[in-house]
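Trainee: Sharing the feature lines straight out of TrEMBL:
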| type | residues | note |
| --- | --- | --- |
| DISULFID | Cys211-Cys232 | disulfide bond |
| DISULFID | Cys310-Cys331 | disulfide bond |
| DOMAIN | 46-158 | domain 'Ig-like' |
| DOMAIN | 165-260 | domain 'Link' |
| DOMAIN | 266-355 | domain 'Link' |
| SIGNAL | 1-15 | signal peptide |
Amino acid sequence: LPLLLKATLLCLASGSYHPFYNGFYYNHIMNDNGDGQDKVDYFSGTRLVVETSKDPVYSYNGANVTLPCHYRYEPDLGPKRKIRIKWSKLRDDYTKEQDVMVAIGKTYMAFGDFKGRAHIRQASRHEASLVISDVRLKDDGKYRCEVIDGLEDESDVVDLRLQGIVFPYQPPRGQYRLNFHEAEQVCQDQGAILANFNQLFQAWSEGLDWCNAGWLADGTVQYPIRLPRKPCGGVHLAPGIRSYGPRHRHLHRFDAFCFSSALKGEVFYLDRPAGMTLEEAKQSCQDAGAEIARVGQLYSAWKFLGLDRCSAGWLADGSVRYPIATPRANCGPAEPGVRSFGFPSKGRFGVFCYRER
């Protein structure tokens, strides 16, 4: 649409002996054809400036967030003008954009997953901020605010980051059993999505050290190493993110790195003196007005709510885990984390339940 608008206006301008005027001033010079026809050659005068937040905007799953965007004219043109605002979401490599919303005056249209969740806030003169309600995990990323006034088209980019946690995931079948599409699905099943590189890098900077390679959202396979060692790329390599690069999304199989955000609800623990089977555990959560927690919910409760329980409990995928915020004797390793007993086919344990607030 912006290109079509520009092409139309350029045709109108070049096909007339009179300057095209939209509040800006355009210098006209003779063209090179010697036929005396005027053409728009360059712009001089009022300049359109678009500005967004230079710092990332932080939010979490289920929240409402405003991505600030303001524009101005230098010098000021006085009364507010009817301009076109376009918001789009960028890929990490800037090669493709996803349309979020287009607005002209008070008329706007949202696209795709943003329908019903996004609108433009124009609380002040020259504001074009984007409001997203019920933020979702995949909303994390960079957004472009574009303002179009006639032939003038300026934009700026703002970064939306969800507060979350990256966790490695293996299915019950064992290590390296997931192609890319299966990895996407298992993360969704655990209340998460495949992590992107920025999220994995942040997790690594906060201490994540994992020697098994896993899929990321861009189809690459990588793993974070804090303590170099022989099975994990060698002792002579510096700490960092090891990368296998892009892999075949159907044929190659690895683990997954999932990303889960802060919770809208609470995770709590239930137990019986004799423990419970998995099916009994699911029923106990239902009886308490909740559902059995998923892995991503347990990790989020551990990181953001400080959940600390030195008692193993069932989760929705059939695994048995427990979260430790304060390491102590008989509760696993000396550092905080979510401990795992794997996927026991037998045994009786407590259960972690999740309930919306």
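Backbone N, Cα and C define each Cβ position, glycine as well.
Structural setting of the listed features?
Mentor: Around the Cβ of Cys211 (disulfide bond), the same chain contributes Tyr223, Ile225, Arg229, Pro231, Cys232, each under 8 angstroms and 6 or more positions distant in sequence.
Cβ contacts within 10 Å of Cys331 (disulfide bond), excluding its own Cβ and spanning all protein chains shown: 15.
A mean pLDDT of 96 is what the model gives for the domain 'Link' (165-260).
Residue counts for the domain 'Link' (266-355) by DSSP state, with H, G and I taken as helix and E and B as strand, are 20 helix, 26 strand, 44 coil.
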Trainee: Taking the Cβ of Cys232 (disulfide bond) as the centre, count every other Cβ atom within 10 Å, in any protein chain shown.
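Mentor: Summing over all protein chains shown, Cys232 (disulfide bond) has 19 other Cβ atoms within 10 Å.
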Trainee: Same-chain residues six or more away whose CB lies under 8 A from the CB of Cys310 (disulfide bond)?
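Mentor: Cys310 (disulfide bond) has long-range Cβ partners Tyr322, Ile324, Arg328, Asn330, Cys331.
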